[in-house]
Amino acid sequence: MSIHIEAKQGEIADKILLPGDPLRAQYIAETFLEGATCYNRVRGMLGFTGTYKGHRISVQGTGMGVPSISIYVNELIQSYGVQTLIRVGTCGAIQKDVNVRDVILAMSASTDSNMNRLTFRGRDYAPTAHFDLLRTAYEVGVEKGLKLKVGNVFTADMFYNDQPDWETWARYGVLAVEMETAALYTLAAKFGRKALSVLTVSDHILTGEETTAQERQTTFNEMIEVALETAIRVG
């Protein structure tokens with residue numbers, strides 16, 4: 001057991017999907033995994049382990065934001081030995097050629113969070129996806145006929161921001177905004193693990209188009225299928 005996860009040793013697979021929403025974790029377990037059992041209910045942050053195409057896979061809710069995902073990634077790696085971590089979440093598009101429901105593979109993540117500035121003493125660090133996962137996810141998406149977007153995302157510390165300045169990030173090619181990827185990639189690098197974020201565009205910051213809360217919780221299956229297939233293909 002760790003502070004925030006009550007699983008016993010061996011109950012969590014070495015490959016795990018990380019949705020922010022614990023109810024999405026439950027949806028993934030019930031919809032895609034065989035024989036799924038719940039190993040964590042602490043703070044309502046549900047975690048499950050089952051099998052996908054015969055491969056053992058876990059799925060763990062992380063909550064929203066850098067501090068929350070950092071807690072779960074640290075404990076999953078240090079207390080349970082997880083090797084491969086794939087975030088499956090939502091993001092807001094800031095490019096005109098990115099549409100609601102598009103799937104984005106986050107190659108890298110810019111951020112306004114001070115986590116890395118504190119870690120690296122004021123210097124910049126470039127949080128980056130693991131190449132094997134990124135390449136495999138792209139190949140899986142192409143096989144499924146998806147129009148994937150691959151590029152930089154922006155990990156924001158604030159959801160409600162009075163001075164967001166998305167225009168600057170968009171001008172430099174950032175595809176979308178979310179709240180966790182920079183932390184995931186940094187911690188994976190620190191501990192020598194593999195990490196990737198597979199994101200579905202849930203809303204468009206430029207146009208105002210958005211999906212419903214129910215859709216965010218129980219749809220977006222293409223993203224989940226890409227993540228699961230990627231997890232079982234990469235050793």
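The chain as shown is numbered from 1 upward.
Backbone N, Cα and C atoms are what each Cβ position is placed from, and that goes for glycine too.
According to Swiss-Prot, the active site, proton donor annotation covers Asp203. The purine D-ribonucleoside binding site feature in Swiss-Prot is assigned to His4, Glu178, Met179, Glu180, Ser202, Asp203. Here Swiss-Prot flags Gly20, Arg24, Arg43, Arg87, Val88, Gly89, Thr90 as phosphate binding site. Swiss-Prot lists Arg216 with the feature site 'Important for catalytic activity'.
Relative to Ser202 (purine D-ribonucleoside binding site), the binding-site residues with Cα atoms inside 10 Å are Gly89, the candidates having been Arg24, Arg43, Arg87, Gly89. Taking CA atoms as the reference points, Glu178 (purine D-ribonucleoside binding site) and Thr90 (phosphate binding site) are 7 Å apart. If you count neighbouring Cβ atoms within 10 Å for each of the recorded positions Glu178, Glu180, Asp203, the highest count belongs to Glu180.
The shortest Cα-Cα distance between Asp203 (active site, proton donor) and any of the binding-site residues His4, Gly20, Val88, Thr90, Glu180 is the one to Thr90. Under a cutoff of 8 A between CB atoms, and with a sequence separation of 6+ in the same chain, the neighbours of Gly20 (phosphate binding site) are Gly61, Thr62, Gly63, Met64, Ser68, Ile69, Arg87, Gly89, Thr90, Met179, Glu180. Under DSSP, Asp203 (active site, proton donor) is assigned to a strand (E or B) in the three-state scheme. Long-range neighbours of His4 (purine D-ribonucleoside binding site) (same chain, six or more residues apart, CB within less than 8 Å of its CB): Val42, Arg43, Met45, Ile71, Tyr72, Glu75. In this structure, the C-alpha atom of Arg216 (site 'Important for catalytic activity') lies 8 angstrom from that of Arg24 (phosphate binding site).
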